[in-house]
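The structure under discussion appears below in the form of structure tokens.
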Amino acid sequence: MSKEKSFFANAKSDLTAGLIVFLIALPLCLGIAQASNAPPLAGIIAGVIGGIVIGFFSKSQLSVSGPAAGLVAIVIGALEKLGAFEIFLCAVILAGAFQLLLGFLRAGSIANYFPTNVIEGMLAGIGLTIIIKQIPDAVGFVNPKHTEGMTDADDGFTLQSITDSFNHLEPGAIIIAMVGIGILVLWSLKGMKKVQMIPAGLLVVIIGTLLNQLFATVAPSLYVSGNHLVNLPVPKTAGDFFGNFKLPDLSGFANPMVWSTGLVIAVVASIETLLCIEATDKLDPQKRYTSGDAELRAQGIGNIVSGFIGGLPITSVIVRSSANINAGARTKLSTIFHGSLLLVCVATIPFILNLIPKAGLAAILIYTGYRLCRPAVFKHMWHAGLTQFLPFVITALAVVFLDLLKGVGLGMAFSIFYILRNNLRIPFFYKRSVYESGEVVRLELAQEVSFLNKASIKKTLENIPEGSTLILDATNTEYIDYDVLELIKEFQLSKAPDKDIRMSLIGFRNTYHLDIGSADHKEEEELPGYGQKPIRKTAGDYKKLLKQLTS
């Protein structure tokens, strides 16, 4: 009986949370489809599959999946290059297959191999892209080519649609968009916590729709209609409903560009999902752990299904997941319920959804884009230093002006450059002291010494003064690359004797096979660390050692 009571207690909180997440997800599903230049139904389908299918297979109890703003740039670029949505669906299916493979290969830690500055740059670039691409809808301009992006498959970077937008302004659309942005900003203020239980996105859609209906009555010149509204198919029968689903053109699997697009979607969606899962687990009041490998498999299944029935690619989404937790969800029932409500909504009341102005959805997306690239992110990266800021800003700009894959690639290249440079420049601590009996040079190796440090260590050893004493300390070193060990051994056995350099090794493990006993000093057996396991030295130990070596 207690289990039954527990189940119903969870069901009550989960169904309530599922309803709230549905109200948040509905405008986002439509808005992301709009931002992606995809059919509105594709966004709803992705939300349904993310809720029901991924919700069923996922091991996460609280994460919510669906179409994500982070994939908008990829979808736009892919549709422009592939030319048809039905061909693009093949890439979504392949993305799911790649995710399944990553899950079975236990690649759930893949997100850890991307530097934070590159990920932040990618998100900032996506945010800028979303803002720029939603300006036409926000001001009421309908591009006759239905490509609202900054990039064109043939012409490359262009702002033509932006300049055209300001030559075709619709006052009604502008008012709806401005009111929507105002509501979103107002709702984000700390003093509005009491009303924040009402989803701001839903309020923007409702007020925008009511405002447009008011325009139709009192100010017809401001009323927006036709292509300025959401355009979902309105089925009369169940057959009509399923007939509206776009199916993939299987000939697309023969196109190499489809495969590369699928791989890009898989990698980016997997990174976003894994980051979201990690954040969701931290927010979970019960502190449950979700396997990244299992989540990749669940996401893979969801994307395969979404691709086969005409949906956008899916990821786990932190906005919906955090809203789910804040609404009191306890289990995955809330996620499945929100997906079910989306399905019922699109099947029964699409005629109501078709009253929603695109300008209202554009307001939601512009604010979403702003949150991804807000000035605080740039300020934080700037204060972190140029080694963090440059890869960040290069990634962001390249995502906007080129595409997401090239942007991340450039960001990774710059980030790796700084990593290599830092490794080459800071492999050890160097101190040179002069005593009456001669010079003493101490090199204290870093925690890890890789082959990248070989050149700088070699140059330093070559510049050790003749007749001096060299103390090479590996006390705090956990790893030394084989090439570096060979360099030290060669210097110890040949170059040091030739230059009359007395060399003492401290903290080197016996497994390194260095001839520790060959140092030319009568009291070497008394030095701390010789032939023993590594121990941490104090300042007094070094003073004693220097005194012994210079006596």
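Using N, Cα and C of the backbone, Cβ positions are placed for all residues, glycine too.
Note: TrEMBL annotation is automatic and uncurated.
The feature domain 'STAS' is assigned by TrEMBL to 430-491.
Long-range Cβ contacts of the transmembrane segment (41-57) within its own chain (Cβ-Cβ under 8 Å, at least 6 residues beyond either end) map to 25-26, 28-34, 64-67, 85, 232-233, 244-246, 297-299, 301-302, 305-306, 309-314, 316-317, 332, 335-340, 342-343, 345-346. Sequence annotations record features per position, and here TrEMBL assigns transmembrane segment to 41-57 (among others).
Annotated transmembrane segment per TrEMBL: 62-79 (among others), in sequence order.
Long-range contacts of the transmembrane segment (85-105) within its own chain (CB-CB distance under 8 A, at least 6 residues past either end) are made by residues 38-39, 42, 75, 78-79, 246-253, 255, 258-259, 261-263, 265-267, 269-270, 293-308, 310-313. What TrEMBL records for 85-105 (among others) is transmembrane segment.
Non-local neighbours of the transmembrane segment (117-135) in the same chain are 35, 69-70, 72-73, 76, 111, 148-150, 162, 165, 268, 271, 275, 362, 365-366, 368-374, 377-378, 381, 384, 388-389, 391-400, 404, 407-408, 411-412, 415; each lies 6+ residues outside the stretch with a CB under 8 Å from one of its CB atoms. Feature annotation from TrEMBL assigns transmembrane segment to 117-135 (among others).
Sequence annotations record features per position, and here TrEMBL assigns transmembrane segment to 171-189 (among others). Within the chain carrying the transmembrane segment (171-189), a Cβ under 8 angstroms from the stretch's Cβ atoms is held by residues 137-140, 195-196, 200-201, 203-204, 207-208, 211-212, 215, 219, 221-224, 228, 357-360, 362-364, 366-367, all 6 or more beyond its ends.
Taken from TrEMBL, the feature transmembrane segment covers 201-223 (among others).
What TrEMBL records for 257-277 (among others) is transmembrane segment.
Annotation source TrEMBL lists transmembrane segment at 340-369 (among others).
Positions annotated as transmembrane segment by TrEMBL: 389-420 (among others). Panel annotation: around the transmembrane segment (389-420), residues 73-74, 77, 114-115, 117-118, 120-122, 124-126, 128-129, 132, 150-151, 157, 264, 268, 373, 378, 381-382, 452 of the same chain, lying at least six beyond its termini, place a Cβ under 8 Å from a Cβ of the stretch.
Residues 21, 25, 28-29, 32-33, 35-38, 42-43, 46-47, 50-51, 54-55, 85, 88, 91, 122-123, 125-127, 129-130, 133, 149, 151, 261, 264-265, 268-269, 272-273, 276-277, 280, 283-284, 288, 290, 295, 299, 302, 311-317, 320-321, 323-325, 329, 332, 334-335, 338, 365, 368-369, 372, 399, 403-405 of the same chain sit 6 or more residues outside the transmembrane segment (62-79) yet have a Cβ under 8 Å from a Cβ within it.
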